Amino acid sequence: SAVNGEKVRKENPSLSVSQVAKLSGDHWNALTHEEKKPFILQHQEDKKRFRREMRDLVYNGFFVNKDGVKSIDLKPKRKLSQTQSGLREKSESAPLIKEEPIPILPKKPTSAYAFYVRDHVAKIMSDKQLKCTEAVQHVSDQWKQLSEKERKKYDLLFKQDQLRYEQQMQQLEENGFFLTESGQKSSELTQKPKRSRCVSSQKSNGESKQACLPSSKKREVKSEAKGQ
């Protein structure tokens with residue numbers, strides 16, 4: 001356990017990290033099932049905490065830690081290398097190690113309405129020579145006129161994507177990572193900077209143009225989807 005590892009380090013300050021880990025592992029293997037039981041229970045409780053915090057992070061954008069503090073109000077711990085730790089004793093201006101990367105989370109399910117927009121906006125922009133925002137409004141009006149039968153295809157796409165999201169969240173809670181649609185572990189990916197969502201269309205002269213969907217229109221698309 002972490003507590004035992006700290007104890008081993010104090011008793012054997014000359015040991016390397018790998019040696020401390022091996023010695024701690026030997027101690028653990030020597031314990032009986034009854035002696036291991038309290039630590040197993042702690043591990044199970046910590047898994048529950050992790051799942052709860054991950055769920056809150058996904059749905060709320062933050063989680064509350066055991067001290068009742070929101071994660072967005074916490075300052076990241078500044079980690080120093082061994083060399084920097086030595087320099088800190090001589091100077092308070094020692095450089096800091098980079099902060100931990102932002103974890104990759106499963107993409108939230110795409111709504112039926114958003115699937116419909118994705119299918120039709122580019123064509124309408126090209127056919128009618130409309131701006132992106134104008135095309136989205138045109139598609140929104142079309143969506144409202146669709147029958148239940150005509151929406152069925154997009155409702156099915158939403159349900160499939162919702163299942164994908166739930167499966168990835170379960171994988172994340174159980175393993176600490178999830179598999180992407182390409183089969184790659186999320187822990188092997190790096191967080192990409194957020195970009196504006198663009199819809200491409202073709203001008204009559206063949207040149208390509210990019211029309212970005214503004215944040216206000218994104219919110220409109222989301223609220224429209226909720227109202228369907």
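Any Cβ shown, glycine's included, is placed from N, Cα and C.
Database features (TrEMBL):
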DNA_BIND  1-58  DNA-binding region
DNA_BIND  106-173  DNA-binding region
COMPBIAS  198-208  compositional bias 'Polar residues'
COMPBIAS  217-228  compositional bias 'Basic and acidic residues'
DOMAIN    1-58  domain 'HMG box'
DOMAIN    106-173  domain 'HMG box'
REGION    75-94  region 'Disordered'
REGION    182-228  region 'Disordered'
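DSSP states for the domain 'HMG box' (106-173), grouped as helix (H, G, I), strand (E, B) and coil, give 57 helix, 0 strand, 11 coil. Look at the DNA-binding region (1-58): DSSP puts its residues at 50 helix, 0 strand, 8 coil.
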